[in-house]
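Here's what TrEMBL has on this protein:
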type	residues	note
DOMAIN	7-81	domain 'Inhibitor I9'
DOMAIN	108-550	domain 'Peptidase S8/S53'
ACT_SITE	ASP116	active site, charge relay system
ACT_SITE	HIS188	active site, charge relay system
DOMAIN	342-413	domain 'PA'
ACT_SITE	SER490	active site, charge relay system
DOMAIN	604-698	domain 'Subtilisin-like protease fibronectin type-III'
Amino acid sequence: MMLLQIYVVYMGSSTKTSDEIYQMLTLIHGGSIELAQASHVCSYTHSFTGFAAKLTEDQALEMTKMPGVVSVFPNAKRRLHTTHSWDFMGLATDEQMEIPGYSTKNQQNVIIGFIDTGIWPESPSFSDHDMPPVPSRWRGQCQAGEAFNASSCNRKVIGARYYLSGFEAEEKSVSTDKFRSPRDTNGHGSHTASIAAGQYVMDMNFKGLAAGGARGGAPMARIAVYKTCWDSGCYDGPDAPQGDYFNDAISIGSFHAANRGILVVSSVGNEGNQGSATNLAPWLITVAASSTDRDFTSSINLGDGTNYTGESLSLLETNATTRIIAASEAYSGYFTPYQSSYCLESSLNSTKISGNIVVCRHAGSSSESKLAKSLVVKEAGGVGMILIDEQDKDVAIPFTIPAAIVGTRIGDRILSYINHTRIPTAHISPAKTVIGSQPAPRVASFSSKGPNALTPAILKPDVTAPGLNILAAWSPATGNMNFNVLSGTSMACPHVTGIAALIKAVYPSWSPSAIKSAIMTTATILDKKWKRITVDPTGRKGNPFDYGAGFVNPTKVLNPGLVYDSQPLDYKKFLCSIGYNDKSLHLITSDNSTCNQNFSAASNLNYPSITLSDLRESYSVTRTVTNVGQGISTYRVFVSSPAGVKITVSPRILMFKEYGQKMSFTVNFKVTAPAKGYVFGWLAWKKGKLRVTSPLVVRVVSSRSGLMR
């Protein structure tokens, strides 16, 4: 029996009619029009051309050989990468989010598109209070569906659509979703939209925690929602390791969006490991997740008077002298003590657990599985839980019993107390909001890291932003709550989206790459104590593979001084530099682009960071900056060289005579001493207090003889 799977057939910018697509499918199915029609799932006509179809592996391979086809790839299922944060980043606390010295009121003409799980339009975050009429240039629609009609949109949420055919073709259980419409049943889409563009809400809180006024980064910007993700996931976007740029829908769509002047912001992923970064295309802004200085904590008081602190969103507490037991001592049935220590379903002996606080272990990465462990403990009769997170994720969870998360160091101390005490007891207090925790920001342990596994010459992530324990809007269809606290690079991504919208409001003519450059070159690698940003859980000093150019600084992005601007032609040259030829490039762009003037290497793309992954003896790269500051300006270069590498810049002074003027400079890298692995530095153009800073990332490689050439 041949296995059918849904494949996406990407055809670049070419124009194909429905009849032509069916002709292709008919050929694949041996001339059968009926089979061709049955295999077709949906077509893509906006931004680029393509379609999705049910094919066998052999048919998919045959399809790759057809004229006009750029790539054919499986419609893989992707996981969603899941407000004090704006205050923490230094933006004003007023409702309009004005940046001192600039007017961002034009954000009402900025439209932000969200590709997510939909929206709950009745949320106060999406009120259209005080908003003017919808911009006349808007041509989108408010698509009706279950519990959602044209009146569900307003002057804030100006467009909403949902896409179901591809999802239904993959998962028959989609019928269990409550709303076959743009309405958000998951909560994730409402959460991210409110972080970027939510209106001011006077009293936002999570069950009393983190109470206060809250708003998105661009609270007067418009929202257009595209529901492509459903309760069980969404199709299609990159997971690590990411393949070719044109084998996933996010890279494809964002390429064509960038060519049309539309900026796309994406999350780097939640795998947490080195080299696990996704959304690697240079035309994307890729965002890592970090903390603010706010934590949600519960106190754990042991019977010997020792006190510890754990992460939690539970407002429940245990009695003062409740017995505490290690889950490994309460194994049940065929489970071993080791298995029961992880509080697996049905692994606990209710006779031993009943009435006690239970210490469980956790090795996974999902918040849902942590919550599930508390349910296992509760069903076995436990009255509280201490969860030892072996990966120290620092993510607060809304447990259904008194519970707190600790790392392995504290967890081992608690287990030692239990093992050396005849009648061990403990007390878990309700969670509270703690402001001022340090160090901050820290890169979250779950945030995926570089290097870029697809094109090492392009640094990813680009920047980091708050993504740990973020309070924002929610869908009451899930948990009967209007607001919720989530963690993930999905939460960091809309922080950068909101900042980008503010830049677009002030500089509507700026290109996507100029906006990206302003965000990157004004970011900081220092925390609030002026020390290098650290990375959870070990507290090691971070590097550009953790945070890219650094932690975003929205108070500086509107005055970057200089920007590294790239045009669509530059991205075409970049594709040539990594192996695309005239034929493949033409399929993607459907214009007369050729590879006659390609870069010598991908590292020569005019990117706001410089990465050399295979430096042998010496190498030079060229960058071009555009003056977007004062007309007559002089900038001097300062360099912090990576260990074992001498860097010289020519010229060392850039003298601009007018706004918009472009000037190029060359950065020369020369190996002076052997180095192991990647080394890091920075290059900054300075004028007065202005600093235009770029990360420098270098890996020195040896010749075949083992000596430096």
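Keep in mind that glycine also has a Cβ here, set from the backbone N, Cα and C atoms.
Across the structure, HIS188 (active site, charge relay system) and ASP116 (active site, charge relay system) are spaced 7 Å apart at their Cα atoms. A simple way to gauge crowding: the CB of ASP116 (active site, charge relay system) has 23 other CB atoms within 10 angstroms, across all the protein chains here. SER490 (active site, charge relay system) sits 10 Å from ASP116 (active site, charge relay system), taking the CA atoms of both as reference points.
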